[in-house]
Amino acid sequence: MSVNELFTKLTRVWVPDPDDVWKAAEITRDYKEGEAVLHLQLEDGTPLEYQVGPKANALPFLRNPDILVGENDLTALSYLHEPAVLHNLRVRFLESNNIYTYCGIVLVAINPYEQLQIYGEEVITAYSGQNMGDMDPHIFAVAEEAYKQMARDEKNQSMIVSGESGAGKTVSAKYAMRYFATVGGSSSDANVEEKVLASNPIMEAIGNAKTTRNDNSSRFGKYIQIGFSRHYHIIGANMRTYLLEKSRVVFQVSSSPCSAPCCRSTAAA
């Protein structure tokens, strides 16, 4: 569709805002390509003449229909851009208390900074054996997908957990390990899975530091390798660490940003 067809009266858009980052607005007059002003009205009724052009702003992002807001997979949105992603995550978190959202094979998690009762054994049992899209987004769904593909394809699997300081990477990795320890428990009396989980607090005690957003921020990256038997029971594990941001070990920065962690499962040869 052309610009003239997209930016018509009553079309809803997102405009940048210094305080709220993005604000919703509605076009009050049809826009013709090449015009320097887009006439808008904010949700509170305030009129806005939005400057557009090569030396001003680009045309604003279009909003998604209300029926798509709150989707559990961001790829289902008609328009996938920064304000659409942030708004969808906000709606799911504030209105539905959902901290997890898919973006294809990637799981986006919002750190609620409180304990949630969604990681018990009954939840692990519910996700065990299920396909990734059959139930609500969850770290256990990603872990189950990796575990299932390992058993089905007999190939190594990798889960990548990434995010900024305080995003919840360490806790997300711990919950993934808890899932593997529960569904792939050791067949011997050695309780290998308990040892894997028990090693996590020890590693956290070495190298962690306080930041402005996180009292227990990991100062190292961790590559955790969990070994499974032919019967898919845990038989051992090892952990490699590498130091992150050496400058922050010496002093505390004035600000430390925080964002949501992302988890995804990938196959390794």
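Each Cβ is built from the backbone N, Cα and C atoms, and glycine gets one as well.
Mean pLDDT for the domain 'Myosin motor' (69-269) in the predicted structure: 81. Under the heading domain 'Myosin motor', TrEMBL lists 69-269.
There are 19 other CB atoms within 10 A of the CB of THR170 (ATP binding site), with all protein chains counted. The annotation ATP binding site is assigned in TrEMBL to GLY163, GLU164, SER165, GLY166, ALA167, GLY168, LYS169, THR170.
The binding-site residues considered are GLU164, SER165, GLY166, GLY168, LYS169; of these, GLU164 has the fewest other C-beta atoms within 10 angstroms of its C-beta. Every protein chain considered, the tally of other Cβ atoms within 10 Å of the Cβ of ALA167 (ATP binding site) stands at 22.
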